[in-house]
Amino acid sequence: MILPIYVYGHEALRNETDPVQENTEALQELIDNMIETMHNAAGIGLAAPQVGRTERLFVVDLTPMADEIAEAGEPLPPQPMVFINPEIVEESEDTAEMEEGCLSIPEVREAVARPERIRMRYRDREFEEQELEAGGMLSRVLQHERDHLDGVLFTDYLSSFRKRLLRRPLREMVNGEVEADYPLVTKDDETVPSR
């Protein structure tokens, strides 16, 4: 089932998530719905708070970027991937700046500096403990989605100057003046159908 994506300004995006305690049918259904929602929105990552949920969980699918990732010489694990209770246990001192976007902040893209490489510990879809070392685009997407689980958005990393330049489009989102090619939920819990 395709779920509506909560848009910038909704409090659900600023709440910290709760660790997932066990693998249940309801969890598996949520994972299926999140993957379907991500694909419907042509996204490469989606975190539970973006669909109004509090589970410490996100999904990614970098298949659309597989060629670019291969050209960079980075391995790409089988996709899609599920990350339950993820934690970054190591990150490189070296950083890289790259443009990011977010399904919860439609049509806004800005450069963000992040560690180039990370090591993440998490549980997979089968609730098995895993550890993954990632660089390049995979590292960036994992960090971006992991931030959502602590109520952090990529716009939080921007300079005050860049934030001022985004004031109008972000205010429009907060006021519910937003459209996307996928269903949204505004800060007032109003559903905006896909355009």
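Every residue, even glycine, has its Cβ placed from backbone N, Cα and C.
Note that this is a predicted model, so its numbers are computed, not measured.
Feature annotations, courtesy of Swiss-Prot:
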- Cys102, His144, His148: Fe cation binding site (BINDING)
- Glu145: active site (ACT_SITE)
Report summary line: Surrounding the recorded Fe cation site, with Cβ no more than 8 Å from the Cβ centroid of Cys102, His144, His148 and those residues left out, we find Gly45, Ala47, Gln50, Glu100, Leu103, Ser104, Glu145, Asp147, Leu153, Phe154
Query - Which same-chain residues, if any, lie at least 6 apart from Cys102 (Fe cation binding site) yet have Cβ under 8 Å of it - result: Val108, His144, Leu153, Phe154
Query - Secondary structure at His148 (Fe cation binding site), reduced by DSSP to three states - result: helix
